Amino acid sequence: MADKITDEYAVGIDPEIYANNPAYSSLFNPYIHKQTIIADHVSVQCHIDLNGIDAVGSKFGNLNAHAGNFTSLCAPNCLPERFALVAYTVEYAFLHDDETDNAADQEALLLENKMLHQALNQSGMTSVSTRVSDKAQRKSEVQAKIAAEYLRLDPVFGEWFLNKWQTFTACVKDVRSLEFPSLDDYLEFRIVDAAADWTLYNFRWGSGITLTPEEEKLADPMSYVAYAELCLVNDLFSWDKEYASHIKSNGDVPLVNAVHIVAVTQGLTHCAAKAVVQAEVRAHEERFCQLKEQYEATDKPSHEVLRWLRLLEHSMAGNWVWSLCVPRYCKVDRNPYKDHLEKYGSDAVRVLTPLDRLCWSKQEIKEMKRNQLKEPSSSTYKTHFSPLEPNPGPEQTRLTISQTQQQRPVLNPYTYINSLPSKNVRQTLIAALNSWYKVPVKSLLIIEGAVNFLHNSSLLLDDIQDGSVLRRGRPVAHQIFGVGQTINTATYLMNEALYLIQMLSPSAVSAYTDEMRNLQLGQGRDLYWSYHTHVPTPAQYISMVDGKTGGLFRLISRLMRSEATKNSDLDISQFATLLGRHFQIRDDYQNLQSEDVTNPHIVSLYAPRANMLLQYTKNKGFCDDLDEGKVSFPVILSMQSPGFSNTALSSVFKGSRKGETLSLEMKQYMLEEITARGAFSETKAVLRKLHTELLSLLMETEKKAGGVENWALRLLIMKLDIVEEKKVAPPKSDSHWGVNQRRAWKGGQKNGRPIDKACFLRAMEEALQK
């Protein structure tokens with residue numbers, strides 16, 4: 001079986017690079033990717049994207065002129081279509097690691113990782129104004145680029161991978177306070193701290209290897225041994241640099257390295273400890289080979305597991321040969337980054353870019369066109385745009401509402417709803433558009449504040465008008481503060497928003513009145529349809545959405561444009577309108593879907609009543625749009641399906657206006673009807689079409705903006721996408737490495753150390769004699 005594992009893209013590297021080097025004693029032969037130039041290109045591109053062309057080579061990551069690119073060596077069978085993204089991500093991880101290593105204290109470290117979380121997840125963001133510096137803007141764009149591309153190539157793995165990245169950085173500890181009684185304790189920590197599993201999972205996905213949970217469990221002991229070996233080799237070669245940094249800082253930079261741990265726990269000199277670590281590396285490689293041989297001898301070993309083990313061998317050998325002479329650890333005669341840029345130029349290295357390819361296939365486009373609805377053109381729903389005339393606003397700004405004694409009662413509902421968790425879509429949009437418009441900080445704060453007031457005002461009124469019970473899993477504001485007080489707060493917030501917008505250019509006020517008019521007209525039509533149980537056509541519904549939901553998105557774009565210092569002629573109103581459509585229809589779709597209600601497997605609808613009750617009380621409530629009698633997009637499509645009678649559905653909707661919550665059985669019946677009529681499938685087809693149009697329009701807009709790629713907007717679109725296929729996501733690799741450590745050495749250890757390795761014993765004797 002092992003002989004059938006082929007190296008499709010990997011080629012052996014010249015033995016002269018490592019064979020005669022006494023520092024290389026790995027049991028495995030190193031390979032490199034045939035298209036390693038791609039990894040080199042994107043490594044330089046990452047530097048340009050992050051810090052500009054003048055800063056290329058100021059720090060070191062993947063590139064190694066002696067042996068080759070780190071990603072090319074460790075993942076030499078990476079699929080070509082994933083290779084650039086994997087290498088770019090690894091390069092960024094190297095640079096981010098340098099940033100966190102250089103953080104002045106734990107607070108600075110947490111701040112650095114918090115910014116990464118916000119960019120990847122586009123939630124929990126701090127004020128947009130904190131991200132207007134060129135450095136912060138560049139970093140945010142790079143992080144968004146990485147996230148958007150993973151979600152584009154593989155939404156299921158992308159979501160898992162980004163969540164794993166956030167979890168890892170959120171758990172980073174201040175190592176100054178950590179103590180390790182033994183090397184085993186250290187390795188259990190180090191595998192997580194060095195993100196070994198995260199990095200290798202990235203390589204695994206890049207290589208097209210997929211393990212089932214059962215296969216993952218079988219491979220875990222071998223994976224642990226390989227991860228530990230990678231960490232030990234890293235510590236061995238980085239020791240001199242880390243020790244010098246520790247001495248130079250008078251001990252402020254901690255020594256978190258296997259060499260130091262061995263020296264302290266075993267009472268050895270650093271020189272002797274290095275010999276012990278070298279022996280540990282060999283012991284781990286030998287143990288890996290033993291475990292692999294045992295697995296290969298089992299009945300029907302998995303082909304995918306064997307591919308994974310082959311990748312681990314490549315990574316161990318690649319990491320070792322890369323470490324022999326790399327700028328991250330030792331001085332080199334020439335800077336490989338500057339040399340590469342000088343040789344190929346800045347245009348050639350721009351491999352990871354959306355402008356040279358579409359993000360969907362021709363077959364996908366055909367499917368979407370076949371299923372698409374006849375939607376109104378952008379001119380069907382007229383908005384009232386006025387000429388944009390940027391003028392400086394007044395000096396005084398009221399960016400937040402100061403809570404005086406007189407204002408506090410009015411602000412209580414606002415304070416409450418503003419404290420609830422949010423998806424931050426509008427704040428994300430503001431930050432993304434600023435990549436193009438470069439709005440001054442003061443104007444940016446005004447826009448952010450006004451949009452926050454308007455959004456919360458809309459939520460307060462929506463909950464009253466819809467008869468909602470929950471908002472983001474919490475009681476709605478009017479149940480706490482009363483309907484009258486909540487309405488008063490909502491109208492007060494509209495006035496406060498106008499007060500702020502008047503500080504901007506005159507065209508900003510026109511944009512406010514235009515879009516607030518559109519928003520109220522759209523909301524009015526929605527309320528009318530729900531109250532009278534009138535079923536509009538899909539085109540009428542989309543026209544309503546263009547006002548109700550698209551209005552605030554267009555207002556953001558128009559306010560940003562009115563204050564722009566760059567690209568002031570860039571009109572993205574059409575994009576904002578399409579974004580509003582996608583956002584609302586997706587919200588309609590998801591409201592009628594849940595973990596227990598997925599299509600086409602309607603059987604999951606009939607879960608035990610206890611499970612349904614649990615789902616019912618979760619978040620906003622199970623299918624609460626049905627309770628509110630809302631004629632949402634899937635409902636409209638279902639009631640326009642030929643060959644079906646709408647009498648029963650219409651009767652249920654009329655009954656729901658009495659203010660009574662529908663029973664679970666009634667909701668099950670309605671969902672079954674909507675599903676049987678193909679409305680959910682048709683809604684997904686419309687969402688895919690909108691997704692396609694948004695990406696296409698984004699690329700057109702990027703060209704109009706001088707080729708400035710907007711990865712934050714692209715990530716926002718990707719996160720709004722509906723994943724159609726249920727793939728097997730890789731298991732969450734938050735397993736206890738201590739358990740895998742014991743499984744890996746079972747039957748061959750004493751006090752945690754191998755006892756059947758002569759090389760280990762010899763090294764110990766030599767170390768103790770020095």
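Please read every residue number as a count from 1 along the shown chain.
Each residue, glycine too, has its Cβ placed from N, Cα and C.
Mean model confidence for the region 'Terpene cyclase' (5-335) is a pLDDT of 86. Per Swiss-Prot, the feature region 'Terpene cyclase' maps to 5-335.
The motif 'DDXXD 1' annotation in Swiss-Prot covers 97-101.
The substrate binding site annotation in Swiss-Prot covers D97, D101, R190, I191, V192, D193, N234, S238, W239, D240, K241, E242, R328, Y329. DSSP assigns N234 (substrate binding site) to a helical segment in the three-state reduction. Remark: N234 (substrate binding site) has A194, N319, S323 as non-local neighbours, by Cβ distance under 8 Å and separation of at least 6 in sequence.
For D97 (substrate binding site), the number of other Cβ atoms no farther than 10 Å from its own Cβ, over all displayed protein chains, is 15. For D97, D101, the entry in Swiss-Prot reads Mg(2+) 2 binding site, with the evidence type similarity to another entry.
Feature annotation from Swiss-Prot assigns Mg(2+) 1 binding site to D97, D101; the stated evidence is similarity to another entry. For the recorded site, D97 (substrate binding site), the DSSP three-state label reads helix.
The motif 'NSE/DTE' annotation in Swiss-Prot covers 234-242.
Sequence annotations record features per position, and here Swiss-Prot assigns compositional bias 'Polar residues' to 374-383.
If you look up Swiss-Prot, you'll see 462-466 marked as motif 'DDXXD 2', on the strength of a curator's inference. Same-chain residues lying 6 or more positions outside the motif 'DDXXD 2' (462-466) and placing a CB less than 8 Å from one of its CB atoms are 476-478, 483, 486-487, 523, 527, 530, 628, 630.
The Mg(2+) 4 binding site feature in Swiss-Prot is assigned to D462, D466. Under DSSP, D466 (Mg(2+) 4 binding site) is assigned to a helix (H, G or I) in the three-state scheme. Of all Cβ atoms in the protein chains displayed, 18 besides its own lie within 10 Å of the Cβ of D466 (Mg(2+) 4 binding site).
Per Swiss-Prot, Mg(2+) 3 binding site is recorded for D462, D466.
Taken residue by residue with DSSP, T549 (dimethylallyl diphosphate binding site) is part of neither helix nor strand, so it is coil. Around the Cβ of T549 (dimethylallyl diphosphate binding site), a 10 Å sphere holds 24 further Cβ atoms from the protein chains shown. The dimethylallyl diphosphate binding site annotation in Swiss-Prot covers R471, K548, T549, Q584, N591, K620, K630.
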Go through V192, K241, R328, D462, K548, the listed binding-site residues, and name the one with the sparsest Cβ surroundings, counting other Cβ atoms within 10 Å.
K241
Euclidean distance between Cα atoms of D462 (Mg(2+) 4 binding site) and V192 (substrate binding site), Å:
45
Could you state the whole-number distance in Å separating the C-alpha atoms of D462 (Mg(2+) 4 binding site) and K548 (dimethylallyl diphosphate binding site)?
11
Rounded to the nearest Å - Cα separation of K630 (dimethylallyl diphosphate binding site) and R328 (substrate binding site):
60
With an 8 Å cut-off on Cβ-Cβ distance and a minimum sequence separation of at least 6, pull the same-chain contacts of R190 (substrate binding site), or say none.
A196, A228, C231, D235, V256, A258
Of all the binding-site residues given, Q584, N591, which residue's CB has the most CB neighbours within 10 A?
Q584
Local backbone state of R471 (dimethylallyl diphosphate binding site), from DSSP in three classes:
strand
How many other Cβ atoms sit within 10 Å of the Cβ of K630 (dimethylallyl diphosphate binding site)?
20
